[in-house]
Structures are given as C-alpha cells and as structure tokens.
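Enquirer: Here TrEMBL flags 1-506 as domain 'Bicarbonate transporter-like transmembrane'. What TrEMBL lists as transmembrane segment is 6-35, 56-78, 230-248, 278-297, 318-342, 378-397, 404-423, 455-486. Annotated region 'Disordered' per TrEMBL: 512-579, in sequence order. Residues annotated as compositional bias 'Basic and acidic residues' in TrEMBL: 562-579.
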Amino acid sequence: GVLESFLGTAVSGAIFCLLAGQPLTILSSTGPVLVFERLLFNFSKDNDFDYLEFRLWIGLWSAFQCLILVATDASFLVKYFTRFTEEGFSSLISFIFIYDAFKKMIKLADHYPINSQFKVDYITHYSCACKPVDPVNSSLFNRTTVLSEDELAYSSSNMDNTTIDWAALTAKECLKYGGELVGNNCDYVPDITLMSFILFFGTYTCSMALKKFKTSRYFPTTARKLISDFAIILSILIFCGIDALVGVDTPKLIVPSEFKPTSPERGWFIPPFGGNPWWVYLAAAIPALLVTILIFMDQQITAVIVNRKEHKLKKGAGYHLDLFWVAILMIVCSFMGLPWYVAATVISIAHIDSLKMETETSAPGEQPKFLGVREQRVTGVIVFILTGVSVFMAPILKFIPMPVLYGVFLYMGVASLNGVQFMDRLKLLLMPLKHQPDFIYLRHVPLRRVHLFTFLQVVCLALLWILKSTVAAIIFPVMILALVAVRKAMDYLFSQHDLSFLDDVIPEKDKKKKEDEKKKKKKKGSMDSDNDDSDCPYSEKVPSIKIPMDIMEQEPFLSDSKPADREKSPTFLERHTSC
C-alpha cells in the first residue's frame, strides 16, 4: 500500500540515518527484495497460507540470522566484493529502474490506446454512446441489481418517468448502471498517451540538462550550482505546470487521505499466531535464509560502493552497525506489515552525488576539482522526516502526473550508470581504436583481454536478469552471491597483472595520476643521466655573458673588412664561448 510505503520509509530511514555507522546510505524497498516478496505472495496464495503472518515469521528468522552475522564478524566477507561484483549488482539495479520506467509507460499506452487509423476528414464517422444492454430492462425498477443510496439519489435526479437517461451518463456511470458503450471511438483516448510520453521524456531530458548546467557558461557560479543541485525538483515543477496548463487528464499520483492500512481486513499490528499451521513457523527459516543472503548482499555491496576511495570519505565505515540496524528495523516492519528496507544502490549514489564538494575558484576553462563528500546525518534524517510528512500533503501531491515520476525513475537509472567502468568498457566495443579514451587499463592490458572481461560481465548480468524474470527467481539471492564465486574463478583465466587494472577498487583517475607522475620522474631522471654522460653537461644556472661594446666594434661583422677576411677570422662566439 502507498501509506505503508510512506510510513515504513519515514520510520526506517530516519532511525537508520540517525544511528547507523554510514548515514550516507539510503534505505528503500529495493527491486530484488520486491521480486522476492512477489514470489512469496504467490506461494502463500497457492498454498492457502496467511501471507502477512508467514511473512512476519520469515522476517523474524531473517533478522535473527542477520544478527548472527553481525555477532560473528561476517562483514569481513566484503573484502571479496571487488569491482566486478559491485558493478554487476549496481548495473542490474540501474537497469531495473530503466526497464520499469518504460514498462509503466507501455502499460499506460495499452490502457489509453491511440487510434492510429484516425483521419481528420472522418470525424463525423466516430462516435461513442451509452446504451442499455437490453432495451426492455432499461427501466431502473426492472433491473435485478440492488442499487446503493448514492446510485438511487443520482438516478432519481436523472430519470423521467422512472427511466434512466442513458445518453446523459458518463462512461464510468454507464458501466456502473449496467449499460454498454457502443461506438468505434469508445476504446481510444489518444491525448493521454501522447501527453504522458511528452511528460515522461521531457522530465528525463530536463533533469539531465539541468544537472549538467553546473558546467555551463551562463549565469554566475552560485546560480549554476543551485540549478544543478535542484535539477530534479525544477524538472518536476516545470512539467507539472505544463500538464496543468494543457489540461489533459493524465494519470496522477494516488495519495491516501486517511491514516489507516490500505487493506480494511488488517490493522497496524500483525498477530504472530493463529493464521497458519504450527510447522509453518519453523519452516519459515528456509526462505528466511534466502532473504538473509539477499539482505546481506544488497546492504553490503551498496555500503562498499558508498565507501569507495574515489569518494574521499574521511570517516570510517560501519558495516556491522549498519547490518545490525537493518535487522532491528526488519523486525519492526514485519510486525507492522510494512515493506522490508535495505540499502538502495541507486538512491545512495544519488545522495552521494548531491553532497559532493568541489573547488569554488578555478582558472578560466579549468574544471573544478573534487574535494570530497559532506559527511553528516542531517540530510538523510530530514529527507525521511519530509517523506513521512508528505502523507499529509495529499492535496498537493495528487496533482503530480505519474509519467513525470516515471521520467525521474529513468533519470535515476541512467545517472547511476555514469562513471561505472563496466559501461565505459561496453562503449569500447563500438569505438575505433584511434577514438578510444586514455583509460589506465588500456595502457597495460591488451584490448582483446579487456573485451573478454567485459563479455563475462555481460553474460553474468544477462543470467541474473533472466533468472529474475522466471519462476526460478526464488534463488535469485543465491545467484547474486554466485557473482563472488565467478570473480574468484576468473583468477585462473586472467593474470593478476590484468586483474589489478580491470578489477581494482582504486579510482581510475588516481591510478592514472600516479602513473603520469612516475613517467615524469623517470623522464627527468633520464635527462639528468644524459647530461652527466655528455661533454657539455646542461646546467639550469647559466651564467650571464657581458659583452663590452668596444669588443663588438672590433669584430669583423662590424668592421669594413672584406668577405674573404671574414671567412678566415674566427667569429665572436668561437672565441668567447665553449661547448
């Protein structure tokens, strides 16, 4: 439910950012966890289990197993999460964001189809009317359906001699009263689909353009930075305004108006007993093991990505403390029937990007230098508190079109792929050799080996995607763990020299910078050795030569001597210089 998501996100996120070891990590309902929950729901429905109670026990067992991992110092396993594993997992989540955004838009287009056969000259041929299914039963009192008080009140105001005026009913009212929509134009609402795609791509394009506005030549630095920081908010406001101005009835965000569970059959506390047989409480430990693997991988891989050296974080990482609070919050969410929350890769990367610090003063044309990330708890706590408060902003949020939000999802998926080495290596497959960038790994690893490494990563990613989309998705967490095993097996396929450049966690620019400095020192050293071996060693401190004017007047080139005498006489430089 929408309200459950709002409440769970606000409570879990605020507590985590306040007490966790790495507050820059953002908790959310991630794609892999939702895939598992969907499979769990279908399994419960097929076996007549009480889903929420079954889910409660799985959550309790999984939280217990996570606490065991914390107590046994199992977070040391993150040392096996190399760039291969990190980028494979983060790319999968990014592609899920991108795929889901387009999937939602295609589903919307199916719901509001476009009449591709429409011709302006044939508008007189198109019609849609409401008619009773059986003209004999068009009278209200001849219907067998029992009407509610609202239906009776409406019908009495639109009836003449106890007969419904079918032509005056709207499409929803027609179907509500048992009527039938007749006509060749009843299935088409073309404006909604076209307007939705304009809002979708417009929001994405505007967000990308405004985010890059920081490097533009227009406006002062402060204004550019402000526009770049609030790129997504500005894009949402711009296209919400366009949607309101055009006035097309695009689908809007559904926000609950009352603070109560979405399902009327449940409360805010899930009873742990009474809905399922006793053995289900013990058997829940088996699927809980899969959830634990998924939670551990999702949480720790995201934490490793957040704590990368390239972010220049000064404060240490708290892998054990983070997992501890995820386990505690999982118990709370299971009892309240809220989604399970774990570190979200894409949103955490977006949080890091929004907190990056750069030099404010630089030479004309010089790019600002990255200084680090503002490490604090304020932004995360406030974000989640505002998420909870937004429940009471339903009168405002209900005007946000869903295609605008899908555009934001597309932007987040694409933006999180920027700077990922895996994507850079994919682009190399389509680049001629002379146009390839100066990557550090291209200096030391043959190109065919680079392509082989990329190919293996693509195969692993494709297998994960296929597995996620089939009935075998229940073992999806185990396959994510298998990425570590695949990377370990690659030690027998690639040399350690190649892997040190293709799969190293040290940032690309840092390694390149160090290598360039070594080359400069080596070049300078070779120049010094050449000077030592030469007969005329080079000296940076060259003494100044003072030439008196009277000597210059005595030189042949200033006298009236003949050309023949000039050839015989030594020049000034031959007599006054050496070497």
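Just so you know, glycine gets a Cβ as well, placed from its N, Cα and C.
Unlike curated entries, TrEMBL annotations are predicted automatically.
Could you give the neighbours, burial and distances for every feature on this list?
Expert: Beyond its flanks by at least six residues, the transmembrane segment (56-78) meets 40, 270, 272, 280-281, 284-285, 287-289, 291-292, 295-296, 300, 303-304, 319-320, 323-324, 326-328, 330-331, 333-335, 337, 340 of its own chain at Cβ-Cβ distances under 8 Å.
For the transmembrane segment (278-297), the residues of the chain that approach it from at least six positions outside its boundaries are 32-33, 36, 40, 49, 54, 57-62, 65-66, 69, 74, 89, 272, 323, 326, 330, 340, 342, 474-478, 480-481, judged by C-beta separation under 8 angstroms.
Within the chain carrying the transmembrane segment (318-342), a Cβ under 8 angstroms from the stretch's Cβ atoms is held by residues 4-5, 7-9, 11-13, 15-16, 19-22, 25, 27-30, 33-34, 37, 52, 55-56, 58-60, 62-64, 66-67, 69-70, 73, 75, 78, 261, 266, 268-270, 272, 291, 295-296, 298-300, 302-303, all 6 or more beyond its ends.
Long-range contacts of the transmembrane segment (378-397) within its own chain (CB-CB distance under 8 A, at least 6 residues past either end) are made by residues 3, 6-7, 9-14, 16-18, 23-24, 26, 253, 255-257, 259, 351, 354-355.
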Enquirer: For the transmembrane segment (230-248), what are the same-chain contacts with Cβ under 8 Å, counting residues 6+ beyond its ends?
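Expert: Same-chain contacts beyond the ends: 191-192, 195, 199, 202-203, 206-207, 210-211, 213, 399-401, 404, 407-408, 411.
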